[in-house]
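Novice: Grabbed the feature section from TrEMBL, which reads as follows:
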type	residues	note
BINDING	His236, His334	protein binding site
BINDING	Asp253, Asp264, Glu392	Zn(2+) 3 binding site
BINDING	Asp264, His327, Glu360, Glu392	Zn(2+) 4 binding site
DOMAIN	4-62	domain 'C6H2-type'
REGION	126-159	region 'Disordered'
Amino acid sequence: MSTTVTCQSQSCPNGNPPSRLECPTCSKLGIRGSFFCGQECFKSGCKYELRFLCHVLPINPGNSREGTYNPFVNYSFTGTLRPVYPLSPKRVVPDHIPRPEYAQDGAVFRKRQMSIIGLTYTTRHSQKRDEGCRPTSQNTDQGRAGKNEDCMQGNSQEESRLPLSKRHLKIALCLSKLGREVLDITAAAIRPGVTTDELDEIAHNACIERNAYPSPLNYRNFPKSICTSVNEVICHGIPDKRKLREGDIINLDISVYYDGFHADLNETYPVGKIDEDSEKLIRTTRESLDAAIKICKPGALFRDIGKAIEPIARANGCAVVRTFTGHGVNTLFHCPPNIPHYAKNKAVGTMKPGMTFTIEPMLNLGNSWSDVHWPDNWTATTADGRRSAQFEDTLLITETGVEILTASNVKV
């Protein structure tokens with residue numbers, strides 16, 4: 001690099017002289033300008049654990065007149081979407097709002113007792129990512145859905161039945177209503193010219209106004225309060241300064257934490273007028289979720305959910321993403337059961353009254369269900385660059401069937 005760059009450490013004892021020691025990780029990610037005069041400045045100034053989010057980037061060939069840039073200029077994107085940085089600062093949650101255990105440091109407990117409404121499970125979290133939120137092993141169905149087999153089959157000695165608490169039911173209904181309100185408020189702002197960061201701010205403020213914590217914020221160090229997945233992004237898109245354009249589609253994934261419980265829901269929306277393929281994709285994804293919900297009742301098998309979804313997807317020229325699953329949701333953000341959305345899976349367990357979980361099928365246009373990740377380690381996109389859509393609801397299994405807690409007509 002021919003341009004001289006001064007030491008980027010904010011506490012450089014040498015007065016920030018011209019430097020040639022470059023962070024190798026930043027260079028690999030395509031981040032320009034991470035130069036330091038020595039090892040001490042490198043260790044103190046290049047905060048790798050926060051990756052590119054904390055870097056000072058004085059030089060970047062992707063800079064625009066507005067001061068924005070693409071942090072991954074050397075990455076081979078599969079579609080036309082590009083990240084637009086810098087990200088806005090982490091949004092503040094007032095001290096009086098209760099927080100989940102990961103809010104401070106981003107860490108998810110590896111071992112803890114968790115209560116599901118109606119059931120108690122003991123689970124052991126490995127160092128792998130949570131199946132419901134992050135990618136899982138693609139080698140076997142057991143890697144995707146069978147990790148907590150003893151829990152789901154009811155063979156665990158720690159499992160015990162609990163009466164369905166009216167208090168817990170009221171919390172679940174109230175919380176799900178809050179989540180729906182936040183989603184509807186945020187979705188009303190979707191239009192060409194609005195940035196996904198502005199949508200994040202709207203959702204964050206709506207949570208705070210309801211004394212709720214936005215569950216994604218700092219979950220495994222996720223930097224924002226919602227996920228915004230545009231066009232070819234399957235899930236976990238990070239809100240940034242990219243402006244929505246006429247013809248885009250966008251998924252808003254909203255999760256809220258209130259009174260010790262989480263609720264989770266998402267929907268995909270058009271931005272202005274969209275093409276026929278995108279309309280079909282959104283319609284098919286919604287239909288597949290509705291079909292899956294219809295089979296839910298006490299005694300139904302979790303593995304049959306995918307059997308209801310995949311035929312609808314295939315008949316409409318779509319592929320069901322296999323990497324990500326639905327999940328239990330209650331006092332924990334993501335927990336058993338793990339719910340694959342494709343047919344012929346090997347998910348274990350049956351539905352029982354009092355269980356709360358999500359179904360959230362992700363469908364891609366075409367016949368490829370594969371995904372790839374951007375270097376931010378969160379944004380999952382289609383491998384072929386074609387569009388993807390998703391819908392999600394939180395469900396409660398009742399004594400006689402199922403209740404959609406996050407439906408727009410929920411009454412408390």
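Glycine residues also receive a Cβ, built from the backbone N, Cα and C atoms like all the rest.
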Novice: Per 10 Å Cβ neighbour count, which of the binding-site residues Asp253, Asp264, Glu392 ranks highest?
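Specialist: The residue with the densest Cβ neighbourhood is Asp264.
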Novice: On a C-alpha basis, identify the one among His236, Asp253, Asp264, His334, Glu392 that is nearest to Glu360 (Zn(2+) 4 binding site); the candidates are the binding-site residues.
Specialist: Glu392
Novice: Checking your reading of the structure: which of the binding-site residues Asp253, Asp264, His327, Glu392 lie inside a 10 Å Cα sphere centred on His236 (protein binding site)?
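Specialist: Checking each Cα against His236 (protein binding site), the hits are Asp253.
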Novice: Inside 10 Å of the Cβ of His236 (protein binding site), count up the other Cβ atoms and send me the figure.
Specialist: 24
Novice: Would you mind sorting out which of Asp253, His327, Glu392 (the binding-site residues) have a C-alpha within 10 A of the one on His334 (protein binding site)?
Specialist: His327
Novice: Along the domain 'C6H2-type' (4-62), what average pLDDT does this model show?
Specialist: 66
Novice: May I have the list of same-chain residues other than Asp253, Asp264, Glu392 whose Cβ is within 8 Å of the Cβ centroid of the recorded Zn(2+) 3 site, in sequence order?
Specialist: Ile254, Ser255, Leu265, Asn266, Thr358, Glu360, Gln390, Thr394
